[in-house]
Amino acid sequence: MAAMCSHVRSSSFRVKCCRRQVGMAQSSAFGRRCARAFVSGFFVAVPVTVTVLDRLAYIARVEGASMQPSLNPEGQTTSDVVLLSRWSVRDYQVQRGDIVSLLSPKNPQQKIIKRVIGLEGDLVKTRGYKNRYVKVPDGHFWIEGDHHGHSLDSNSFGPVSLGLVHGRASHIIWPPHRWQRITPSIPGGCALLLHRDRLPPSDQDD
Amino acid sequence: MLRRAVGKSLAFAGFTIQYGCIAHCTLEYIGELVVCSGPSMEPTIINHDLVFSERLSRHFYTIKKGDIVIVKSPFDPRMNICKRVIGLEGDKVCTSSPSDTFKTHTYVPKGHVWLEGDNLRNSTDSRAYGPVPYALIRGRVCLKVLQAEKTGATFYPLRSEGLPRGFKKQLILHVAT
């Protein structure tokens with residue numbers, strides 16, 4: 001009897017076991033489906049996101065006071081969030097007055113945001129650079145922050161290579177009351193001395 | 001009928017976008033095949049050699065002295081150049097050509113690298129245009145896939161220890177930064 005009991009008990013245990021296995025099989029199939037959906041979604045979402053951020057547009061928060069008053073006008077209290085258009089600089093086309101973000105030539109891990117003052121061939125009057133006047137070499141451009149004296153820009157490291165351009169700031173998207181398109185403008189008291197088209201031809205040769 | 005055609009074309013567009021994005025990520029973050037042209041890296045890399053350049057060491061900032069790198073040209077960002085890293089930031093490098101009697105030296109500024117071609121006589125490099133920002137580096141050449149002269153594929157890794165004679169003399173002093 002005791003043996004019978006034990007047998008019955010064991011068989012019922014086996015039945016329970018089987019049921020649990022069926023349940024596990026169902027749940028594992030469900031889990032597999034979930035995992036497959038997750039992996040396929042992952043392989044779509046991550047490359048698409050990375051490509052959009054690399055090729056089309058990038059969103060970044062502006063820190064520091066170097067672009068006051070155009071960006072971060074309220075100082076330390078709030079910081080602006082800008083939309084950087086990467087599509088418009090895909091062919092390294094920038095204009096004078098554009099606000100661009102670029103990889104810092106001093107520190108490759110840092111991105112800086114400055115205003116384009118002069119393009120290649122322009123003659124620029126500097127503030128505190130080693131030469132008083134600089135002719136911007138080929139493939140380079142001259143950048144300055146709007147907040148003179150509080151900005152680490154071309155006046156400290158000279159003209160920068162066009163290959164460092166990361167994106168062009170096209171909109172301010174945060175805070176909401178400052179939502180606006182950024183239009184290219186050259187601030188007063190500007191450093192650009194001579195446009196490259198107005199340079200005498202003898203100057204352009206050297 | 002029309003609905004099926006629209007669905008098929010949408011699926012095709014979706015797959016194109018997906019694989020285009022995967023290709024972009026691979027080329028941008030893992031590596032790409034590059035055909036080198038020009039004499040400046042002879043005899044390490046000869047004209048029309050096919051090399052593999054990997055992007056990871058540029059993204060993780062592990063580029064060392066002696067690595068061969070592919071860099072955006074500082075004077076024309078649409079053009080790429082292939083040179084050897086001779087000095088990192090803070091290094092003292094020789095700026096004069098090897099035949100000069102008076103050697104001139106300079107320090108590589110912060111965030112920059114000093115590049116020279118292996119063919120010192122026929123190479124426009126940092127001796128002509130100065131140090132190059134690190135951020136212009138696109139990738140490190142790690143494998144020569146196909147040699148132009150021979151037929152058939154030859155795989156062999158390009159190591160940083162394989163510096164030609166005369167290069168080690170230029171690395172005079174390393175200043176820790």
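Cβ from N, Cα, C; glycine included.
Heads up, TrEMBL stuff is auto-annotated, nobody curated it.
Over in TrEMBL, the protein carries these features:
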type     : residues  : note
ACT_SITE : A:SER66   : active site
ACT_SITE : A:LYS114  : active site
DOMAIN   : A:38-128  : domain 'Peptidase S26'
DOMAIN   : A:133-174 : domain 'Peptidase S26'
Query - Structural state of A:SER66 (active site), classified by DSSP into three states - result: coil
Report task. State the residues, same chain only, that lie 6 or more residues beyond the ends of the domain 'Peptidase S26' (A:133-174) and have a CB under 8 A from a CB inside it; answer 'none' if no residue qualifies. Result -> 57-59, 65-71, 80-86, 88-89, 92, 94, 98-106, 111-127, 180-182, 187, 191-193, 203
Report summary line: Here the Cα-Cα span from A:SER66 (active site) to A:LYS114 (active site), rounded to a whole number of angstrom, reaches 8
**Report entry** Listed in sequence order, residues with CB under 8 A of A:LYS114 (active site) and six or more positions away
**Finding:** A:SER66, A:MET67, A:ILE99, A:VAL100, A:LEU102, A:ILE143, A:GLU144, A:GLY145, A:SER151, A:ASP153, A:SER154
Report task. Run through the Cβ atoms and count how many others sit within 10 Å of the one on A:SER66 (active site). Result -> 22
Query raised in the report: Where does the mean pLDDT land for the domain 'Peptidase S26' (A:38-128)?
Result: 89
Query raised in the report: Mind checking how the domain 'Peptidase S26' (A:133-174) divides into helix, strand and coil residues in DSSP?
Result: 7 helix, 20 strand, 15 coil
Query - Residue counts (helix, strand, coil, in that order) that DSSP gives for the domain 'Peptidase S26' (A:38-128) - result: 22 helix, 26 strand, 43 coil
